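Student: This is the structure, below, for whatever I ask next.
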Amino acid sequence: MAAEVQSQVSMIDPSQLLRPEPTFNDKPIDAFRDYSVDENDPIKERVRKTYYDMHTNVTVELVKQKRDKWLKFNHFKSTVKDALIKLNELVDESDPDTDLPNIVHAFQTAERIRSDHPDDDWFQLTGLIHDLGKVMAFYGEPQWCVVGDTFPVGCKWADSIVYGPESFKNNPDTYNPKYNTKYGMYKPNCGLDNLLISWSHDEYLYQFLKHNKSTLPEKGLYMIRYHSLYPWHAGGDYRHLTNEKDEEILKWVLEFNKYDLYTKSENVPDIEALWPYYEKLIEKYIPGVCEW
């Protein structure tokens with residue numbers, strides 16, 4: 001990787017702390033992190049600030065700028081394995097349950113999927129790489145533009161977005177009549193593929209895989225692309241914009257997310273021992289040196 005990459009970036013991932021949707025109300029207690037809000041808790045206050053910064057700054061115009069910047073894929077060249085190793089330097093400071101590097105979560109997710117889906121090697125690899133788009137943080141992207149829940153821009157803010165529409169009060173798109181109605185700049189049931197989603201590690205990795213001609217199946221690509229779109233897949237919003245294809249995508253995303261959000265293990269995988277197996281999967285689906 002390029003020499004200018006910072007040696008370490010501590011990540012605040014708000015999506016791991018706050019889950020407002022009723023979908024998660026009946027989960028066993030040990031499947032949760034502590035999602036309560038406490039003004040005296042500095043970590044939770046940083047999470048709140050991250051979201052307010054996100055909801056203030058993420059506009060239609062900003063998303064277009066970020067897509068223009070990152071979808072040139074001219075920032076560095078690296079194998080997927082080397083990029084994953086870089087995640088060793090990525091510690092999510094917002095997670096009250098662990099101070100383990102992001103790569104540990106990657107292997108925990110992959111191994112849990114492997115246990116339940118031993119014959120679906122593409123699914124296992126999807127679990128391993130799903131957060132790999134967070135490498136943007138090593139290249140100067142602010143945390144609010146890398147981590148956290150995603151949402152469509154260019155239409156009315158959904159009630160199920162973390163902290164709600166009130167958190168968008170300083171966003172100029174809130175007051176733009178082209179963007180602040182139910183459909184905004186979209187047509188009814190135009191489909192997720194036609195929505196402009198807030199910029200994050202999800203869309204970047206999806207586009208990276210397409211650009212580098214990954215042979216992961218469509219299911220894996222969509223699991224990656226929409227796994228943080230909680231207002232849609234957990235909050236039940238934006239159904240007036242989705243279509244029949246999206247209902248199939250929803251099944252895939254929900255199947256993936258039970259491994260992502262709730263993969264909590266006291267056992268740290270033996271990453272060195274697992275590398276030979278996953279290197280073969282990388283070589284099968286995303287081989288060689290890639291453009292990032």
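For all residues, glycine too, the Cβ spot is worked out from N, Cα and C.
TrEMBL annotations: computationally assigned, not manually curated.
When I checked TrEMBL for this same protein, it listed these features:
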type	residues	note
BINDING	Arg33, Asp92, Glu93, Ser94, Lys134, Gly148, Asp149, His227, Ser228	substrate binding site
BINDING	His105, His130, Asp131, His201, His227, Asp260	Fe cation binding site
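Can you tell me where each of these features sits in this structure?
Tutor: Within 10 Å of the Cβ of Ser228 (substrate binding site) there are 28 other Cβ atoms, across all protein chains.
In sequence order, Thr109, Gly127, His130, His227 constitute the residues six or more apart from Asp260 (Fe cation binding site) in its chain with CB-CB distances below 8 Å.
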Student: List, in sequence order, the residues of the same chain other than His105, His130, Asp131, His201, His227, Asp260 whose Cβ lies within 8 Å of the centroid of the Cβ atoms of the recorded Fe cation site.
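Tutor: For the Fe cation site, the extra neighbours are Ala106, Thr109, Asp202, Ile224, Ser228.
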Student: Residues with Cβ closer than 8 Å to the Cβ of Asp131 (Fe cation binding site), same chain and 6+ apart in sequence?
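Tutor: Non-local contacts for Asp131 (Fe cation binding site): Leu87, Asn102, His105, Ala106, His201.
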Student: Once the chains shown are all counted, how many other Cβ atoms turn up within 10 Å of the Cβ of His105 (Fe cation binding site)?
Tutor: 25
